[in-house]
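Let me begin by presenting the structure, written as structure tokens, before commenting on it.
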Amino acid sequence: MDLLLQVIANGLTVGGTYALGAIGVSLVFGVLNIINFGQGASYTVAAYIAMVLMVSAGAPVVVAFAGGIVAAFVVGWIVERIAVRPLRDQPLLMSLITTMGLGLIIENLAHFIFGPQTQPLSPTLTADVFQLGMITVSTWELVTLAVVVAAIACLHYVLHHTDFGTAVRAVAEDRRAAQLLGIDVDRLIVVSFCIASAMGGAAGVLGAALYNSIYPTMGSLSMTKAFAASVLGGMEQIAGAIVGGLLLGIAESVTSVYLSSAWRDAIAFGLLVAVLVVKPTGLLGRRGLDKVERTNLSIFPLPPVPKLDLRQPLLALPIAIAIALPLVVTDTYYLRILTIMAMSGTIALSLNLIAGFAGLVSLGHAAFYGFGAYATAILSTRYGVPTWISMGIAIAATGVFGALFAWPMMRLRGHYVAMGTFGLSGVVWMVMLNWVDLTRGPMGIRAIPAPSFFGSELRGVGFYYLILAILVISTFVVLALLNSPFGRALRAMRDDELGMASVGVDPRVIKAKVFVVSAAIAGAAGAFWAHYISFISPDSFTPVASISYLAMVVLGGLGSVPGAIFGGAVLAALPELLRFASEYRLAIYGLIMVLIILFRTQGLLGRRHDIPSRKAPVARRAVVKEVG
Amino acid sequence: MRNALLEVTDLSRRFGGLTAVDGLNFHVNDGEIVSIIGPNGAGKTTAFNLITCIYPPSAGAISFDGLNLVGLPLHRIAAAGIGRTFQNLRVFANLTARENILVGLTRHARASFLETLFHGGRFRAEEEALAAEADRLVALLDLTPVADQLVRNLPYGDQRRVEIARALATKPKILLLDEPAAGMTPPEIEELNGMIRRLRDELGKTVLMVEHHMSLVMEISDRIIVMDQGRKIAEGTPDEVRSNPLVISAYLGSGVV
């Protein structure tokens, strides 16, 4: 009993920091109807600024913490001005990509300045411990709870008892109407964004103080938990975010004590998925999905789909060049880069089916790629299955896995799909990391055999031709499907699901098929990778890796087949060629995502939209609103 | 009396406290053109959405061609033989007019996954047949000059005709048109008038439509159903409805007709 109380008390404190972050997520979602995937940067920046103030400037703790929170406030301003405001009239999903990109850049900046290692917030930071009845609490736990309560009280007062708060709620209900009433919507949005970011910053410094440790990617993990808490509470509900945060904290605390601490971080991912599957509106949500439907991407016409005809130069020429390249490029290092380029092109090609053509922004692609890699690695090392057969099985299994993966996504739209796939990808990653008996956990799987071809083991050039074959076959499969009734339905679904259903095509069937094909192709790339590199570990298959695949598709142009392959190849080659920058690969990806969306939204090879963009988001309305 | 193709019995739908459709009864016979009219908020579009299974009724029955429609998912109504258009267009804006129609034909495609992958003989033959059918519909709805333009770039009246063509592509027995004349110019409405008649007379389609444009409704309809506040308040030929005092007071007011 004592232990349980203690566990719950610990969970409440940590949950308090999750609640703060979740409030930030919910506030932004309520006002702008977008999810700020750059929220993680607020945590990181606030914590590092607090550390600098304390350790380098010798500032008192209170000043340092306030400084950190102010810095997070400024980060909010930067993110809003750069990644959100310029895209006000674009499909809402565009800001998902830019905020994510900006978040990656800022996080990597911390990495650049302070190094990748985990360090103490302050070496002199101490905590007294008190006995409160049956439970023990530390100063930091008490401070955390006090700050959480104070922050929530302040926010409640501001939202419900000031003109500013009334205006915020008015904008959340109907931005255009609020604008007509003379509310300065731009200012209000930026201030809300800053407040949300400051909430994240507060969570960042408090979390750092609780564990007295900081590291550059701390923000991403905290952000995941804020998402989970916010979704659990019903997205738009401040009260829901608080309840969600506290519940998540307690659930984690209970899990790590009574089950296993290894699975602690899996709770957030699992919860995210479970809530979205079972009750997407969350515990306290009212409105749910109808507000989210406007996140469509259909503002962009897709570039013409190349015909499936080998005689056209667009198809024949690149294939001929790719086949001839090893005659010129004999250096093993460059051959290796070419191989990686072809592999990334394959993955981007497959993700483009989901993100570009189906219009579902999936942040879960690393799960497919990783599933294929692990499936073939486990089959060939543990069960001695011949490599070609195990690769075949891995591809088929990943396809099936894709269908399972798609099933919970069926009911979701827009940002919810992004969060759901992100969560699922996290669950898969956690399984790779923690199901040690099967996957060998963080140690990874070694000595994965190379396939043999006519009696000799595949080596450098052989591997290059293997992945090239996979890429070419995949391209043919994709083009064959796009140039068919299925392909037309796929593109139609991106424009209007309801319209498509009304002509007798079930959107769920289309989605399931597209996920199966996409997953199988990504699985083929993963299976190739496992045998090529002969060692795999969960590090290559994190949700962050999924984001980099999305960056490839965005660079090439959502919905452009050559664009995706091109984007994948270029982004894979870039960090290799810029050796000095390879550590900042993610920052480069982030920068590309931001720049492309801001200045060439349709991507390098996408098609520009040629009519005024203001009309499209209005034309789309939820079914419910069509009531005569 | 001919057989009723569509029969709606005691249909009701509540949204929270609002009863949008309240005990509605009507039928549509094979080969008829029937219009539902009524003031804004009378429940016309809700009735359409109930018949096409966009949401389930709170009570009542809908039977179409001997099939109970209640509880059917939206994507099954096309197979049942119902095609519809929407009040605020739901065309595929980033596809061409022809492609919109081809998507409407998707449910007739039979080629298997493998045949599609290898673009085999049957697949190619089928694609040609679908393309020919699309061409026929393009011509039927006078869309030839704009067939290969993106629908988003077409004028409103053309977009409406694309949507009708798309619905026709599913080969429906009945076509439900939700305010087909909305946003059309008078000459376009005149064309629409002729077109709807052709659909019935030449293609044998039954038409049920919601429409505000009175002269079109009066000219074209075999029967008119008048709704107000979720209920049917009158039904009859255009002449009967025109002279019905209930209708005049509830909807038409004075001096409209």
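The backbone N, Cα and C atoms fix where each Cβ goes, and this holds for glycine too.
Marked as transmembrane segment by TrEMBL: A:12-35 (among others).
The transmembrane segment annotation in TrEMBL covers A:47-79 (among others). Proximity of distant same-chain residues to the transmembrane segment (A:47-79), defined by a Cβ-Cβ separation under 8 Å and at least 6 residues beyond the stretch ends, is recorded for 36, 38, 41, 99, 102-103, 106, 110, 113-114, 119, 121-123, 125, 190, 193-198, 200-202, 204-205, 207-209, 214, 218.
Sequence annotations record features per position, and here TrEMBL assigns transmembrane segment to A:91-114 (among others).
The transmembrane segment annotation in TrEMBL covers A:226-250 (among others). For the transmembrane segment (A:226-250), the residues of the chain that approach it from at least six positions outside its boundaries are 7-8, 11-27, 29-30, 35, 39, 152, 155-156, 159, 172, 200, 203, 267-269, 271-272, 275-276, 281-288, 291, 419, 422-423, judged by C-beta separation under 8 angstroms.
For the transmembrane segment (A:262-278), same-chain residues at least 6 beyond its ends with a Cβ under 8 Å from one of its own Cβ atoms are 221, 224-225, 227-229, 231-232, 248, 251-252, 255-256, 408, 411-412, 416, 419-420, 422-424, 426-427, 429-431, 433-434. Positions annotated as transmembrane segment by TrEMBL: A:262-278 (among others).
Positions annotated as transmembrane segment by TrEMBL: A:314-335 (among others).
For A:347-368 (among others), the entry in TrEMBL reads transmembrane segment.
Non-local neighbours of the transmembrane segment (A:416-436) in the same chain are 35, 37, 93, 96, 224, 227-228, 231, 260, 262-263, 265-266, 268-270, 272-273, 276-277, 280, 289, 292, 360-367, 370-371, 374, 405, 408-409, 442, 538, 541-543, 546; each lies 6+ residues outside the stretch with a CB under 8 Å from one of its CB atoms. Summarising the annotation, TrEMBL assigns transmembrane segment to A:416-436 (among others).
Annotation source TrEMBL lists transmembrane segment at A:463-484 (among others).
Within the same chain, residues 339, 343, 346-347, 349-351, 353-354, 357-358, 365, 368-377, 380, 387, 390-391, 394-403, 405-406, 409, 444-451, 458, 463, 466-467, 470, 474, 477-478, 481, 490 sit at least 6 positions outside the transmembrane segment (A:514-535) and bring their C-beta atoms closer than 8 Å to a C-beta of that stretch. The annotation transmembrane segment is assigned in TrEMBL to A:514-535 (among others).
Feature annotation from TrEMBL assigns transmembrane segment to A:547-574 (among others).
Taken from TrEMBL, the feature transmembrane segment covers A:586-605 (among others). For the transmembrane segment (A:586-605), same-chain residues at least 6 beyond its ends with a Cβ under 8 Å from one of its own Cβ atoms are 82-83, 86-87, 90, 94, 97-98, 100-105, 107-109, 112, 300, 303, 544, 547-548, 550-551, 553-558, 560, 562-563, 566-567, 571, 574-575, 578.
A Cβ distance under 8 Å defines the sequence-distant neighbours of the transmembrane segment (A:347-368), meaning residues of its chain 6+ beyond its ends; these are 93, 96-97, 296-298, 302, 398, 401-402, 405, 409, 414-415, 417-422, 424-425, 428-429, 471, 474-475, 478, 482, 487, 490-491, 493-494, 510-511, 514-515, 517-519, 521-523, 525-526, 540-543, 545-547, 549-550, 552-553, 556-561, 563-565, 567-568, 571.
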